[in-house]
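Single-structure report; data block below.
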Ligand SMILES: *Cc1c(COP(=O)(O)O)cnc(C)c1O
């Protein structure tokens, strides 16, 4: 710190806390003030502890370093104010921890040859009483002035060496003596000093890497927030995050001093910078929860829209010293939340309040509750992206929804037991829906999971290992897809090792490239086709393929496709009553598969969810009886059940649920021999993210298979087998800077790869030509199509030297890539190539 500061030519004021555990001991001294002997014994023990620390840990002479301070500490036992435990005496007692630790710190650094000064915080921080503040908080939870002036700053600059140590937690009391700052202790002191002295910045060194998008203990995928504005940070701190006490933000905000949270054990991490210049990126920055919330619901008994009702009610909260946080109101009801406070828990203030309120309204208390809050700028403009979040809350009872008037938060109050379990899922939904813009590199740093276990050991992707060959392929012309067949085989073999699975099919719509089909056929896969075109393509590539290895699962297909598929002898799936009712003769004497919609959907985007009332796929569970009767009438036999209700799913429990609900249906039908649980296995598009947990998938399937062993288990993944085996190669056409925004243009965009435009999908984008260069200024990577949605990626840190002719690689493009490419703007379709070693 000293080195960096002197590089910057800055003076450094270090604000220290007490040695660990000491403040609690001093609090015990205050609490036990009446007992003179015990007080003396406690103070002696503390003196002894500091002497030992000084001699043993720091190798210094305790008498020389601490002599005077320890005498002052002991003298507090003889202080005439002790017996009554006067507040001014308690403040003196509590201040001792920081006075001692700062003295030790100065002595130690001097012994190391540094020129260090000792600063008494009470000479700089002046406590100031607030209206309605009681004597206790004036002494023990004081607030300070922090408006500095030039004279004060000059006095500080002249007062000592460039490096100084001061005490956190303490200030000069009004009228002299010592006051304690209370909660937020030394962080608040540092903020006061920063504001008062007009510091270049305030660094808070703590034991976590910074503020996160959720509590990492509850949500391991929570992302480090590297940049916040003051208001967002204040909101996050107030609604649950414990990293920084909300009190310390205000002084820095007023004085425009940046705050920087750093981790003592990980000094290389970027930490969290809180300042006013942060580019305002709208979006949810964090989700937090607070427990112990009490809701008070009040119904008017008087007239509708009774004048003065609110003031009657709020006066009573004030009289009981309770401050209201959230408010929801209608014409006849007001519901408010109370934050947990010592006051609320330890006394019967709530009973007294209710008795009082009962004079003016009907009261109901709902507790314990938890408040789940989404924090971020521009909350109101995000509502359309929150549909998944609303849906998640829709499953539970929400007592109150509140949206702050500063447009910074949206809070849901639910039963306390629910909150913690909901957070990981809500966090994932926010990230997936784009409401939490986790790809904004200026704000979102690495995930806690990544910080805790760096992914550095993961092998480099195939396209980096074979960079020269990939560049050669690009030289033959772009846009061009390249598929790495060994990676396809690797994924195929991973799946082959899941014991519960009896038969595997590849959903060929993900990637029908002939080399991919041959590779998977050789690995023992069958194929799932959704159109006659796919069936014909498949048999064109693999003429000898047994029809039993092919499933036909169309959606709203015409009669002739069913006829042709039946003639081929492949497994035909029906997903509504219509084909049986319109063309019963087609299915006479045939085995058919029934695609069921179990009534819920899942997936990485609403456009890939294929279950539930609003999805066009599958027969509703309630119509299974009717279908069975129609099949019997037509002379068809239901040999299998099928469900595929979403794509890009990471929660292994999903397939367990699907299999279990299909097995229940199968028992009612009687003729079913196999259950096909579809595909949908997720893929980690972001190299930082955890790969799909195949072990959990295998375990979930094994469990449900054990429960219903009579059915064969079939699966039909697409994406999982081919996504990471494919890359899209492009050339840079132009690099343009417009009003500060750098744009890298490529010779293929939404015409070559639709997923970003269609689903808001995120793909890794690399400048392969300059693979070794450090990340540059964030840029947008755009294609050549005349549509504003022709953006492949935003906020990408392509190297600053990126220039025309460089090869850009879009990763994980092997699934739903080339097959969705189109000729819009009459651009040529991308080429396709394979690498087979
Ligand atoms: C698309 C599709 C699949 C494959 O989905 P993935 O998410 O790529 O695994 C499986 N079954 C059916 C019926 C499909 O339409």
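Using N, Cα and C of the backbone, Cβ positions are placed for all residues, glycine too.
Look at TrEMBL and you will find 298-368 tagged as domain 'ACT'. Taken from TrEMBL, the feature N6-(pyridoxal phosphate)lysine applies to 509. Sequence annotations record features per position, and here TrEMBL assigns active site, proton donor to 786.
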(request) Count the other Cβ atoms sitting within 10 Å of the Cβ of residue 786 (active site, proton donor), across every protein chain shown. (result) 8
(request) Could you break down the residues of the domain 'ACT' (298-368) into DSSP helix, strand and coil, giving a count for each? (result) 25 helix, 23 strand, 23 coil
(message) If I take the alpha carbons of the residue listed as 'active site, proton donor' and residue 509 (N6-(pyridoxal phosphate)lysine), what is the distance between them in whole Å?
(response) 27
(request) Have a look around residue 509 (N6-(pyridoxal phosphate)lysine) and count the other CB atoms within 10 A of its CB, chains all included. (result) 17
(message) Which secondary structure state does DSSP assign to residue 509 (N6-(pyridoxal phosphate)lysine), in the simple three-class scheme?
(response) helix
